[in-house]
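Below is one structure, written out as structure tokens; the observations come after it.
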Amino acid sequence: RGTELTWLSGVTCAGHEASLRDCPAHTWGEHNCTHGQEAGVVCAGEHGQGQVRLAGGPHRCAGRVEVFHAGRWGTVCDDSWDMADAQVTCRQVRCGPALWAPGAAQFGRGSGVIWLDETNCTGHEPHLGACPARTWGRNDCYHGEDAGAVCAGEPR
């Protein structure tokens, strides 16, 4: 429950608006709501997908695959890791097609949680989090099995 002013009520967005300001609603600041009626949202955007980065490599388009999930960065195990998984990763980090899908911590061992294991992408998924895999955080791996990706994108 919030404690500040309630600014919007009666919001009826169609879904194509660029901002809440563009949605029909009651006059700003006029409402008959209590703090127990406040709205919330859970987005399936980048953080819901598990934000991805390539770390420990020679440039941003090559490295150890790391995903941000539940507020922490972690790695991906190389069990079942292949070119289809690397393809999805390279597309998600906007680095073009995958050239190589190394395992065995080719770009150094990560630390902390190993988020994904037995990742089994077809190569067409919109993001790594959409690929079949074990439940987030469930694995039988150690950081010597961290997955990597080398993408065709130009080093920046």
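Cβ atoms here come from the backbone N, Cα and C positions, even for glycine.
Per TrEMBL, the residue from C77, C90, C95, C121 that shares a disulphide bond with C141 is C77.
Between C90 and the candidates C23, C33, C151, TrEMBL records the disulphide pairing with C151.
Per TrEMBL, C23 makes its disulfide bond with C13 among C13, C43. Candidate disulfide-bonded residues: C13, C23, C77, C141. Nearest to C151 (disulfide bond) by Cα distance: C77.
Of all the disulfide-bonded residues listed here (C121, C151), it is C121 whose C-beta has the fewest other C-beta atoms within 10 angstroms.
For C13 (disulfide bond), the same-chain residues 6+ apart in sequence whose C-beta sits under 8 angstroms from its C-beta are L20, D22, C23, P24.
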